[in-house]
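What TrEMBL lists as domain 'ABC transmembrane type-1' is B:84-298. The region 'Disordered' feature in TrEMBL is assigned to B:1-20. The annotation transmembrane segment is assigned in TrEMBL to B:25-51, B:87-110, B:122-144, B:164-185, B:223-243, B:279-298.
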Amino acid sequence: MRITRARGAAVTAAALTLTLTLAACSGGSDGGSSDGGGGGDVTAADIDAALDAEGTTTLQYWSWVPNLQPTVDLWNEAHPNIQVELTNAGQSADQYTKLQNAIKAGSGAPDLAQIEYFALPQFALGESLVSLDDVGLSDLESDFTASAWEQVAAGDGHYAFPQDTGPMVMFYRADILERLGVEAPTTWDEFLTVARAIKADNPENFIASIDPGDAGGVDSLIWQAEGRPFSVEGTDVNISFGDEGTQKFAELWDTLISEQLVDVAGGWNDAFWRSLDSGRYAMWMTGAWAPGSLETNIPSTAGSWKAATMPVWEAGTPANAENGGSGTAVLAKSENKAAALAFARWLSTDSEAVQAQVDAGLFPSTSSIMADTDFLGATSDFFGGQAVNEVFVQASKDVSSGWQYLPFQVYANSVFGDTAGQAFSNATPIADGLTAWQDQITTYGNGQGFKVTND
Amino acid sequence: MTSVTTSAPPRKTRRAKAPPERREWTGLAFVLPFLAVFVFAIVAPLFYAVYLSFFQDRLVGGSFFAGFANYAQALTDPLLHVGLGRVLLFFAVQVPIMLGLGLFAALAIDSGRLRAKGAFRITLFLPYAVPSVVAALMWGYMYGNEFGLIRQIGDAIGVATPDLLSASWVLVAIGNIVTWSFVGYNMLILYSSLRSIPTELYEAAEIDGAGAIRTAFSIKLPALRPALLLTTIFSVIGSFQLFNEPNVLRALAPTTISSYFTPNMYAYNLAFNGQQYNYSAAVAIIVGAVTVVVAALAQRLSRAGEK
């Protein structure tokens, strides 16, 4: 009946193996970045030639954009010689992990992948992506909004075709503001006043929530306040949250949190949607891609919503930021670069393709559709008949330039909750939290071989 | 016996003379499929992880041999220490509760005094069939401070419930999920061990005039010792491997559950968000070694108690 020593040893050995399996599945250390990159062997002429090439090329395309298949079908019908297979390899960080592993392993990577703007510098740095400038596509600049084109830039190249953008927009419950007899705020001062009015009306309610685990949301608010904490030049990186814009943001949100005018809580979960549904939150400040999510998650509030441009710091001086959005990148290791580039260019610039993606819920990145009267005039019942695209296009035009993401932003975002997020949750000074974040990502960056300064 | 030994010598000498190549190898053919899978799926990754842990791979500069640098860093890494301390605390509090409940349930079912004991047994075991991610999601809904079921019940009966996802309660909340999932599993191991006690022992106890309680303490519990040790060792592993439950709840409590909340979460985030595969391998090996030590200690303690 008693466990023998051998069996006991076997159990303890099993304990060790179970733990180590995790480490083992993490993949190789082979430097996949040693060759490839750039993609200078392909020219614009090759891309056009690929469209008419004989035989059939099959492209692997990773994306998690919802309802993208109909757009891909449009391409496949029109181009029997270049067939695109769409795979959802996971959302955001999950997909980047797989992509990074496939690139390291040297096999299994797709020809094209959706990459969010914040993660693009990391893949560009590893020379894993084709630079559009190297293949003679830099003249595409005029096809895209200024902020979209700026966001696919890393170092001296542009590493993706902008697919969608997310200019920050203030979505608000018009019914709640109307009941309280207040106007939608246009400046952050007014925002504070409205927030206090909402609290005075019912102490259980908040003007909005802030997610202490979401670095992207906070980055956007800092960007919108003209803060520029990250700057990158090659492998020289500067991280400093001490600038004026960041401090303005930190002080305002310190006040909002200490007076409990905003709820510090995670987003995208059951409680979040219920709060927007019940009116516990009166606003959601996020990217222009949000209407689809609102309509799906809280259909019962249809008609009560309105969209407006973000509150600004100085009345009459529009300033905005982007939140989310991604581009389509061609992998440097792809064997069908010309065909992949042809498809990606079509996906981002062809008016039929762009319209199909807009219909699927994306907010576009091309300048032509932003001037399209049908697009601008489209009204939305969910927003009480408002022509919301007019607001979104204005929001897109207002985006201020010069924001940069770190070449290790994926890691930086993953430790935001451990550091800066603590200040939001514990109502301690946000500036201190941001300093803790700065310290941790500085250490990481230096450990990864970057030269990180905090000037 | 003597007759056997006397007849044995001639055969013995014949066998001794047989050339060594004639040893029976057919058995190996039967073990080979297992060995192949074992080597490829378990031994090889293990050695690969050890190999990885001696390198460093940087985003700028690439991969190079680092000797024991990763281990030196991990041993002094405060984030790893915090995680290890937390799972140790979790182990010290949650495991006795879980095993105690499992033991009580097993003894209750075995006592023969329960009605519908089959239904009781299956109901208790059912949570084990729920994948831990689903279990964590489900409990997460109930824990939610604003709209969670527990808060709503508390409000309805006028009891102020604490925020179960706050820093001071979250470990209790996770312990509750793990206990819910694994009480039935441990109960089953203990119960099957109880079923294998020979009935003669019970009869003898009855003849000696022992009651139900005395029987439980003098016969059942000593007989359960090996099974208890097994469940304890499984629980040591389970505690040190804690990952799914906190990782799922993290979406609800992004700042109370940090990226290094448990050693496994730390290793995961190092590898998959930080691209620090090599350091992650070193962390995993250290956590594995600590697990082995704690499991061995548990075994040693139990053996000492036996004497």
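All residue numbers here begin at 1 and follow the chain in the order shown.
Glycine too: its Cβ is placed from the backbone N, Cα and C atoms.
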Using a Cβ cut-off of under 8 Å, list the residues of the same chain at least 6 residues beyond the transmembrane segment (B:164-185) that approach it.
86, 89-90, 93-94, 97-98, 101-102, 105, 121, 124-128, 130, 132, 135-136, 139, 143-145, 148, 150, 235, 238, 242, 245-246, 249, 252-253, 256-257
Quick one: do the transmembrane segment (B:25-51) and the transmembrane segment (B:279-298) have at least 3 Cβ pairs under 8 Å, skipping pairs fewer than 6 apart in sequence?
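They do touch: at least three Cβ pairs between the two stretches lie under 8 Å.
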For the transmembrane segment (B:87-110), give me same-chain residues lying six or more residues beyond its boundaries with a C-beta closer than 8 angstroms to one of its C-beta atoms, as numbers and ranges.
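Tertiary neighbours of the transmembrane segment (B:87-110) are 117, 120-121, 124, 171, 174-175, 178-179, 182-191, 194-195, 216, 220, 224, 228, 231-232, 235-236, 239-240, 242, 262-263, 294.
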